[in-house]
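Listed in TrEMBL:
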- 10-25: compositional bias 'Polar residues' (COMPBIAS)
- 31-48: compositional bias 'Basic and acidic residues' (COMPBIAS)
- 150-172: compositional bias 'Basic and acidic residues' (COMPBIAS)
- 177-188: compositional bias 'Gly residues' (COMPBIAS)
- 60-105: domain 'CWF21' (DOMAIN)
- 1-62: region 'Disordered' (REGION)
- 102-129: region 'Disordered' (REGION)
- 141-188: region 'Disordered' (REGION)
Amino acid sequence: MYNGIGLTTPRGSGTNGYVQRNLSSVRAKRPRDERGGERDEKDRERLESQLNRQPNAEILEHQRKRQLEVKCAELQDMMEEQGYSAEEIEEKVNSFRMMLQEKQEPPAAPAERPLATETHALAAANQQKNDRLRAAFGIATDYVDGSSFHPERKEREKEKREQERLEREKQQHQWGGVLGVSGGGRVY
């Protein structure tokens, strides 16, 4: 027996005495907090904000500039090893820097995964992925998670569709008058 768990002796039990955890039992989940929904809503909002964290454009721009300066430093080191004069090196490095700035290298390709330490690059890649998924599934950019459970939302959408339909009919009648179409207002 180990720490009071298991058989004192496996003799006569038909087992070798090895103790395993019971994986078939299901534990009842206890609520983390007695406050209930208030705590859950705050947790959901916090987790959602972490998932949809926007990348900091300034940090991404700084990383891009840093990469540019690293390339310039590599060129400078290479030229120093080859024995160029300081004036020549400075002139060539400045022209190389200007060329790279004009070129404005695009951000890393989506296939290239950013390093795990570059949180803002990860956030930018995640934002692009979410935008592609939203476009693929036809989800509106102003959609709010969980809004489909609000009955007022359906009424507002119905009113919005009705207003859009009335606008289209109004424009069709205007174009029908311009084109000289009479009657039903259908334009072919």
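Heads up, the Cβ atoms here are built off N, Cα and C, so glycines get one too.
Unlike curated records, TrEMBL annotations are generated automatically.
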**OP:** Please work out the mean pLDDT for the residues of the domain 'CWF21' (60-105).
**Re:** 89
**OP:** May I have the DSSP-based helix, strand and coil counts for the residues of the compositional bias 'Basic and acidic residues' (150-172)?
**Re:** 22 helix, 0 strand, 1 coil
**OP:** Sort the residues of the domain 'CWF21' (60-105) into helix, strand and coil with DSSP and give the three counts.
**Re:** 40 helix, 0 strand, 6 coil
Subject >> Counts of helix, strand and coil residues, the compositional bias 'Polar residues' (10-25), according to DSSP >> reply: 0 helix, 0 strand, 16 coil
